[in-house]
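Inspection log for the structure reproduced underneath, given as structure tokens.
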Amino acid sequence: MATKFPKFSQGLAQDPTTRRIWFGIATAHDFESHDGMTEENLYQKIFASHFGQLAIIFLWTSGNLFHVAWQGNFEQWIKDPLHIRPIAHAIWDPHFGQPAVEAFTRGGASGPVNIATSGVYQWWYTIGMRTNQELYTASVFLSLMAGVFLFAGWLHLQPKFQPSLSWFKNAESRLNHHLSGLFGVSSLAWTGHLVHVAIPAARGQRVGWDNFLTTLPHPEGLTPFFTGNWAAYAANPDSANHIFGTSAGAGTAILTFLGGFHPQTQSLWLTDIAHHHLAIAVVFIIAGHQYRTNFGIGHSMREILDAHTPPAGGLGAGHKGLFDTVNNSLHFQLGLALASVGTICSMVAQHIYSLPPYAFLAQDYTAQAALYTHHQYIAGFIMCGAFAHGAIFFIRDYDPEQNKGNVLARILDHKEAIISHLSWVSLFLGFHTLGLYVHNDVMQAFGTPEKQILIEPVFAQWIQAAQGKALYGFDFLLSSSASPAYSASQSVWLPGWLDAINSNNNSLFLTIGPGDFLVHHAIALGLHTTTLILVKGALDARGSKLMPDKKDFGYSFPCDGPGRGGTCDISAWDAFYLAVFWMLNTIGWVTFYFHWKHLGIWQGNVSQFNESSTYLMGWLRDYLWLNSSQLINGYNPNGMNSLGVWSWAFLLAHLIYATGFMFLISWRGYWQELIETLVWSHERTPLASLVRWRDKPVALSIVQARLVGLVHFSVGYVLTYGSFLIASTSSKFG
């Protein structure tokens, strides 16, 4: 008899109910729980899967390149990046009538196309690509690389090529390779590409495989490097009237510190970016060589951590025992990695609009809005994952004996103080922020808007002034020509930076007022509440006052009856589940704020945000309702336009979102009754009764139904806002 799914769990494979299928899918990636899994095999499986992950990323990027080269308008877009819409790919749909064909035929194309809102055109243009042929070449190269990585993944699963457990746990060697190799050398290589290919291309000089070894990126070659005259590489930068992609106004500098933006492209100076990557390379290559590997010199991570003991004795054992705790727990390591990547992802969202690195990206408003929203939502999901794996660490990997008295144990010991403080902050922020908003709404409703409580964000304005924003009149640090900070950099990067920060045609340090003050605190409420739920879930994962033996029940468990006081909604998984709703809520406020604020700036009408953002009806009426009208009329009884697809996606997203509630509100008994009824009717229906199944149908567990609900809620939520965002922005700016 054929073995049933799942092969990795004989217990589940023999389950006579449909639970076998759903639990099999749910635990497919929980390698630790699989039959016969050893620690060494676990590490090897995860290591090999990384190659598959890289192959997928390369194939995906390859597909982007290929479709733009085949069906896009890259070469036309380069000639006029501000007025030609970049095409992502063609669309072929048998349902299109003539109006749809005409509506979606854009960007100089001969048939229906999708417009790219991801900024890839600007990225490829900035790094030196100029022709479709180069896009094809890159696409083929990445496809081949994907094949190489798939082979490498397979190879590392073969017994001869499987790394040993000691190899995976050699922390110092890993730091050496990751810091020096992954970050350092790749940054150096990228600096090389920018200096040898991208900067010449920005000055109208083509460098390809045929001439890159003979074309000097700087007139003096390597002479200044070897003679110590490094300043030569910063001399003669591009002038303020440089036209990107041509030699008009171009200089010869390759590594500069100009500050600010290129006046034409409104992006960072490429020579500044090259300088930045070179500095990163030097720092990381040195950093990666600090640790003791083969030669008996350098730091030992274990010694460093064990030495970190607060001297007075009042703070316990410090970092003692942490080396083994971290090094032996994949969940701890994954939690740290996810927390770092989540933070970085959110930072990318902030920086890609405030300091745009790619030429002309700042003027592609739809791409700006899409990139910001995309990175903030991804950051939110990743950060929630960090706490989920932190909780799993406490349940599966934490050893109280090994961590006696250290910082980890002490955090668990005073978790009540941490949780209650977060709770207090959340309550304070919630009541005060909502109180201010509601007061202002009442004043608007009663016709006395002058009685609103409007608070200027003076501390934030002071911080902006310290960076050089002169508008507020604070005479401080970079806003004061008498300060040492001002004079120290006056001859280097400061003129460019001050021009940028005091200019009204970019997004650097936007002017802020009472509306910003309120929404800032609303976002702070969301962040603190999300953090409260996640931190409580992780710190209570092993046990709480109500359920001291929680760790024996694992990460996710359903209700355990009234006998123990009721254990519904207290597993670490439940905390993750609840936190995702708050995370989505928070990112919603963040993206609303970003988008509405920028719509005003891009349209030259900042007063609308300033006046309407101080009360809730302003947000609902002047942001959401006002900007959804074009979207909702993408198709109606009179016809359709190019927003029709987003109107449809908007509707679809609402349906997905609503489906989520069906799973979230009903409990297990409902599903069991529903399934029994369906089975009964199925078995009594002609023809349908011929189809039998071996597994006895049982309802979703509470946890499963909640997961299904959560996924539908999340997907619907993000897709609803995504379609609103792209439609409302592109309808205004093309």
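Glycine residues also receive a Cβ, built from the backbone N, Cα and C atoms like all the rest.
The transmembrane segment feature in Swiss-Prot is assigned to 46-69, 135-158, 175-199, 273-291, 330-353, 369-395, 417-439, 517-535, 575-596, 643-665, 707-727; the stated evidence is sequence analysis. Feature annotation from Swiss-Prot assigns [4Fe-4S] cluster binding site to CYS559, CYS568. Residues or ranges marked as chlorophyll a B3 binding site by Swiss-Prot on the basis of sequence analysis: MET662, TYR670. The phylloquinone binding site annotation in Swiss-Prot covers TRP671.
Location within the structure of each feature annotated in Swiss-Prot.
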residue: CYS559; record: [4Fe-4S] cluster binding site; DSSP class: coil
residue: CYS568; record: [4Fe-4S] cluster binding site; DSSP class: coil
residue: MET662; record: chlorophyll a B3 binding site; DSSP class: helix
residue: TYR670; record: chlorophyll a B3 binding site; DSSP class: helix
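Across the structure, CYS568 ([4Fe-4S] cluster binding site) and TYR670 (chlorophyll a B3 binding site) are spaced 17 Å apart at their Cα atoms. Across the fold, the C-alpha of TRP671 (phylloquinone binding site) and the C-alpha of CYS559 ([4Fe-4S] cluster binding site) stand 16 Å from each other. Among the listed binding-site residues, namely CYS559, CYS568, MET662, the Cβ with the most fellow Cβ atoms inside 10 Å is that of CYS559. Counted over residue pairs separated by six or more positions, the transmembrane segment (135-158) shares at least 3 Cβ pairs under 8 angstroms with the transmembrane segment (46-69), which defines the two as touching. Least crowded of the binding-site residues (TYR670, TRP671), judged by neighbouring Cβ atoms within 10 Å of its own Cβ: TYR670.
If you look at the transmembrane segment (46-69), the same-chain residues 6 or more away from its ends with a CB under 8 A from one of its CBs are 31, 87-89, 116, 118, 120-121, 124, 132-133, 135-136, 138-140, 142-143, 145-147, 149-150, 152-154, 156-157, 163, 168, 330.
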